[in-house]
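Database features (TrEMBL):
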{"type": "TRANSMEM", "residues": "23-43", "note": "transmembrane segment"}
{"type": "DOMAIN", "residues": "28-315", "note": "domain 'Sugar phosphate transporter'"}
{"type": "TRANSMEM", "residues": "55-80", "note": "transmembrane segment"}
{"type": "TRANSMEM", "residues": "92-111", "note": "transmembrane segment"}
{"type": "TRANSMEM", "residues": "117-139", "note": "transmembrane segment"}
{"type": "TRANSMEM", "residues": "151-170", "note": "transmembrane segment"}
{"type": "TRANSMEM", "residues": "176-198", "note": "transmembrane segment"}
{"type": "TRANSMEM", "residues": "210-229", "note": "transmembrane segment"}
{"type": "TRANSMEM", "residues": "244-264", "note": "transmembrane segment"}
{"type": "TRANSMEM", "residues": "271-292", "note": "transmembrane segment"}
{"type": "TRANSMEM", "residues": "298-317", "note": "transmembrane segment"}
Amino acid sequence: MAKGSGSGQGREMLTSANVYRKIVLSYTYVGIWIFLSFMVIIFNKYILDRKMYNWPFPISLTMIHMAFCSSLAFLLVRVLKVVEPVVGMTREFYMSSVVPIGALYSLSLWLSNSAYIYLSVSFIQMLKALMPVAVYSTGVLLKKEVFKSQTMANMVGISLGVGIAAYGEAKFNGRGVMLQLGAVAFEAIRLVLIQILLTSKGISLNPITSLYYVAPCCFAFLSIPWILIEYPSLRYTSSFQFDYLVFGTNAACAFALNLAVFLLVGKTSALTMNVAGVVKDWLLIAFSWSVILDRVTSINLVGYGIAFIGVCFYNHAKLQVLKAKEAQKKVQADEEAGLLKDQKLDRLEEDRKNDSKP
């Protein structure tokens, strides 16, 4: 009895240690993602803001990111062979599926980075709370989501909160708001198209292969507005000297963020990233107010608080759906296991009867 009790305690301790290890790793992945996402946002703001580094060329900055990420992804996929290219990625499939996603991604990044020139970091994070609204609405329009009045009421609540936050914004800039809303819209369409064009066809891209295929496409698309909008200014009016330390570090942070997304989603879940994103937004708002000295009004906080509650409720609803699906899968697995056991017993009984016959 003592020996069995000790063995049971040992297994229990081992199980507890494994649980704690998983918890620690999950929080580590969350912490790495929040830190890198925080760094990229603040770094981009620092470079683009006219009162800081004063280099207001968002297309150029995005192209630097895409060139850096393309080069590293090519090195990891083709030279070092850390990951394998996607099987079935034909020229026709690339043009019909990856190119539209790359075009939308380039527009989203361009407009999102442009917004940093006109808006504070805190207000941009408040506007980004509209992402669930945009994704759900796009999914309903493209018939990837089922319309539910309760979910739509939740989306209206989030929109109302963001509207109140915008009303209370001390340095409201209409152009900056339109740029950020455009970035949210293009990103939402991109996310839904990934489900339609890639996931539904059994194609799965991790961040490295995603950058390998999408980043060069983004660079190509961005080169068109860059030639028309930013190249003349950079060539004739800017005394800019390329700072390899600043832009190299910035691009490296952007690449590392993509890897952190892979770790976070791959080792936990996309829902965990959504929840971590809410924590990151509050940290950025606090940093913007205390360090950058952006003005955050009480109406800002009330509005974002309403949107925050709506986003939390949305994430909670998604968690319940995931739990229900997991429970259903477990029931099906148990039923299949029971059926196999019954079939095995029937076969054994039949074999026994056959063996007993003269």
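Backbone N, Cα and C atoms are what each Cβ position is placed from, and that goes for glycine too.
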Between the transmembrane segment (55-80) and the transmembrane segment (210-229), are there three or more CB pairs that fall under 8 A, provided the residues in each pair are separated by 6 or more in sequence?
yes
Give me the stretch from 23-43, 55-80, 117-139, 176-198, 244-264 with the greatest number of Cβ pairs under 8 Å to the transmembrane segment (298-317).
117-139
Counting CB pairs under 8 Å, which listed stretch among 23-43, 55-80, 92-111, 151-170, 271-292 touches the transmembrane segment (244-264) the most?
23-43
What stretch in 23-43, 55-80, 92-111, 117-139, 176-198 has the biggest tally of Cβ pairs under 8 Å against the transmembrane segment (151-170)?
117-139
Other than its close neighbours in sequence, what residues sit by the transmembrane segment (55-80), given a CB gap under 8 Å and a spacing of at least six beyond its ends?
44, 47-49, 106, 109-110, 113-114, 116-117, 208-209, 211-212, 215-216, 218-219, 222-223, 225-226, 229-230, 233-234, 240, 247-248, 250-252, 254-255, 258
